[in-house]
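Here the structure is laid out as structure tokens; the discussion comes afterwards.
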Amino acid sequence: MIYQIIHSVLSTVGVSLNAFMMYLALTKSPKIMRPCSAIITIKTGTDILASIMSFFVMQRVITDGSSIIVIPTGPCTNFGKTACYVGHMLMLCFLEYNLIWMISSYIFRYYILYVRDPPIKHLVFVAFCLSIPSMVHMAAWFSFYDSNETTEDLSSYGIGSGEMALGGEVVYWSAITLITQLFITAFLVVVAYIWIRETLCSFAVKMGSVKKDVKNLNKRLVKVINFQVFLPSFIFLGVITFASMFTSKISYEYAQYAISVIFMFSPICSPFSYILFVPHYRNVIIGKKKQPKPHPEMCGPIRSNTRTTSISVTNNSSHLSSAH
């Protein structure tokens, strides 16, 4: 019962924070931040779905290396084993897609800085294309799952005959596959973070002291990605907990509850990377309506005014010559 309450609270907080962040991105972003708002909206949408699936299943995971047992305790139990297995797989799928989108957002930031603003329809199209492999992968596992497959005797784990439990070869290999993919994708996020951080720093060095606002922009970007790189640590910790239980390094009594709870902190903490370090959103929250001095937004392209200034000076000189 306590575990279900904790899960309900975490899922509610995850949905609420990400829904609020989505609201800010959709309604409080200036025109220059439209690409950024689209990136944030897609990410928060994925976090919301992950939180909903976590609440739907409220799973515990037990393994001794030879088998993996998923014990759902959420609303999915009212719809049968197949619904719980689908919810279990979708939760892991959304967590993985969230990490993939983080990598994509780093690439988009590079593109925005050095090339131009990508159209929003292109961002949506890329997000859709990135989801196709995961959806095909999930559909394959769903087709293999047999809800009538018998599980081993679970009395040694303190699980009564009346409790729903998901087990068997499909559950075993699908869990192993997805958890391994989560670990690899989280590692790739760290690699992408190192790359984009070096890119932002080198961009600031190239600009030198010509544009002070550019330095402020890059400082904000670095703060955002410094916070975001902390998010995969929850995935790492959850996977390490699972691996430790899988290899019998730790007992299942507490580890079975820890894995899903640890995973949930990734979507919960994600909105704070924007709320804390993007001035426009932060000012909306604290009720600050005006900025004393305009600054370029963190996701907008850097525009140089040098050419415009030179044209204006040339035109003015021409008018003066005509007057004389």
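Even glycines carry a Cβ here, placed using N, Cα and C.
Annotated compositional bias 'Polar residues' per Swiss-Prot: 303-324, in sequence order.
Under the heading region 'Disordered', Swiss-Prot lists 290-324.
Look at Swiss-Prot and you will find 5-25 (among others) tagged as transmembrane segment, backed by sequence analysis. Within the same chain, residues 36-38, 40-41, 44-45, 47-48, 50-52, 54-55, 58, 74, 260-261, 264-265, 267-268, 270-272, 274-275, 281, 284-285 sit at least 6 positions outside the transmembrane segment (5-25) and bring their C-beta atoms closer than 8 Å to a C-beta of that stretch.
Sequence-distant contacts of the transmembrane segment (38-58), counting only residues of its own chain at least 6 positions beyond either end whose CB sits under 8 Å from a CB of the stretch, comprise 3-4, 7-8, 10-12, 14-15, 18-19, 21-22, 25-26, 72-76, 84, 87-88, 90-91, 94-95, 97-98, 101-102, 105, 108, 120, 123-124, 127, 260, 263-264, 266-268, 270-271, 274, 299. Marked as transmembrane segment by Swiss-Prot: 38-58 (among others).
Sequence annotations record features per position, and here Swiss-Prot assigns transmembrane segment to 83-103 (among others). Using a Cβ-Cβ cut-off under 8 Å and counting only residues 6 or more beyond its ends in the same chain, the transmembrane segment (83-103) has close neighbours at 39, 42-43, 46-47, 49-50, 53-54, 56-57, 59, 70, 72, 74, 76-77, 127, 130-131, 134-135, 137-138, 141-142, 145, 147, 164, 166, 171, 174-175, 178-179, 181-182, 185-186, 188-189, 192, 228, 231-232, 235, 260, 263, 266-267, 270.
Feature annotation from Swiss-Prot assigns transmembrane segment to 124-144 (among others); the stated evidence is sequence analysis.
What Swiss-Prot records for 176-196 (among others) is transmembrane segment, and it gives sequence analysis as the kind of evidence.
Among the features that Swiss-Prot reports, transmembrane segment is placed at 227-247 (among others), with the record citing sequence analysis. Tertiary proximity for the transmembrane segment (227-247) is limited to same-chain residues at least six positions away from its ends with a CB under 8 Å from its CB atoms, namely 61-65, 95, 99, 102, 179, 182-183, 185-187, 189-190, 193, 255-256, 258-260, 262-263, 265-266, 269-270, 272-273, 276-277.
Residues annotated as transmembrane segment in Swiss-Prot: 258-278 (among others).
Outside the transmembrane segment (124-144), and at least 6 residues removed from its termini, the chain residues within Cβ reach (under 8 Å) are 38, 42, 85-86, 89-90, 93, 96-97, 100-101, 104, 170, 174.
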